[in-house]
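Visitor: Got a structure for you, written out below as structure tokens; questions coming shortly.
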């Protein structure tokens, strides 16, 4: 959201602000809803994790206010530890339930591993916060110890030895990624955003290594391997060039040529052979055959190309407007930024309705392109580096306080994660009926429609503000109403959606996520679709 500024984190000894307490209440409502739907020992672990995260979040906020955190975090928001800590555990729980209902024991266990991994990285972030807090907060340490003891005890008696090793592997990768990326990218994340993003990357990296070492003929879907290799390859490429350009000027032509050559070497010499080993065929030929397999895919690709051209024209038009204006304003208005949300909605809805596998792969390719262009901008790689810096500076907001511009990547992730994270092997026996039929639309509803409408109406017509924030009651109400209208339109145009009279749960889920949008200071493009996905799957 860009329609308002956020309240700073509370200072040392200050009481929790109203917005933080309201955000906490919304998150606990989600946790208790999932607990009531699942009601097993793992959901009790999630409740214990939420309780300790609430107490530790306040310590993180104090560290940020004092400037005592180990790394430089984004200062325009609170730590966000509680909402971020609960995403992976809750998603793992609902995945376990859905796959258990579908009779898929492999993915049922996988869901438990996801939940356990999320709890492990969240507990590590809590221990880190308490370890650098002075004086040591005794009461919070006791709460963390009790919650951690309960979680470790239950997981010890629930996970196999191999699953425990897998959780520890992800935790080890997470620790190293924290040390590397938070050092290289100061002020790009809050502690909660770092937990969510780096925890996800760590899990993906571990899954890719595991599948590469235990490869079986015809095991897995090629589109899943494609996503894993692209995400890991782009992250490793960034770490490689960040380390390399410490010792050389990245803005020269010699460095730029070297960057492009090394990109080709890494792509052709590492990424493609790695993908070839996983899918057992030529990756380029597979991709071309996949993209142009049917006439529908050709039409969709042509349509998406037009929308991509339109997005580029919007960027050029806004920059031309800034150049010709005598105003000293250097940022695009809120409504201009929301054009991209509308373009993304127009991109994803036809893909979800007509060809989800194509949308899955196209979103992966788009993610790789976005990250690569951000590397070009960040390292000032010729000939496009300086041009991209100039064009994109118009769309910066308070969340882009670090060296990277991540809001457009978060928007793509928020729209794509509901597509990528659907446990497809668990959808064969109708287990995604009712409200769960809307899971692929979670990003469209929460970000494409809800966030856009709330921002536009809140900034233009809103007068009644939610306590502790500058976000408005009118923006939230119009957001809920617009999402309900969107659900009705989805029912009309997507014959595969059958809500099965689960309207009350859908309304409650949409309203809860809209309230979270009103109070959270985290990256809503990423957080809101994940919470709506979790609620719809429950």
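Placement of Cβ uses the backbone N, Cα and C atoms for every residue, glycine included.
Quick paste of what TrEMBL says about this protein:
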| type | residues | note |
| --- | --- | --- |
| TRANSMEM | 16-34 | transmembrane segment |
| TRANSMEM | 78-95 | transmembrane segment |
| TRANSMEM | 136-155 | transmembrane segment |
| TRANSMEM | 167-185 | transmembrane segment |
| TRANSMEM | 225-248 | transmembrane segment |
| TRANSMEM | 257-276 | transmembrane segment |
| TRANSMEM | 296-317 | transmembrane segment |
| TRANSMEM | 338-354 | transmembrane segment |
| TRANSMEM | 360-380 | transmembrane segment |
| TRANSMEM | 401-421 | transmembrane segment |
| TRANSMEM | 441-461 | transmembrane segment |
| TRANSMEM | 473-493 | transmembrane segment |
Visitor: Under 8 angstroms, Cβ to Cβ: which one of 16-34, 167-185, 257-276, 338-354, 441-461 has the largest number of such pairs with the transmembrane segment (296-317)?
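Guide: Counting Cβ pairs under 8 Å, the winner is 338-354.
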Visitor: How about the transmembrane segment (441-461) with the transmembrane segment (338-354) - do they touch, taking at least 3 C-beta pairs under 8 Å (6 or more apart in sequence) as contact?
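Guide: Contact criterion met.
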Visitor: Should the transmembrane segment (401-421) and the transmembrane segment (338-354) be scored as in contact, given a threshold of at least 3 Cβ pairs under 8 Å and pairs 6 or more apart?
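Guide: These two segments touch.
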Visitor: Please identify the stretch among 16-34, 225-248, 360-380 with the greatest number of Cβ pairs below 8 Å relative to the transmembrane segment (257-276).
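Guide: Going through each listed stretch, the top one turns out to be 225-248.
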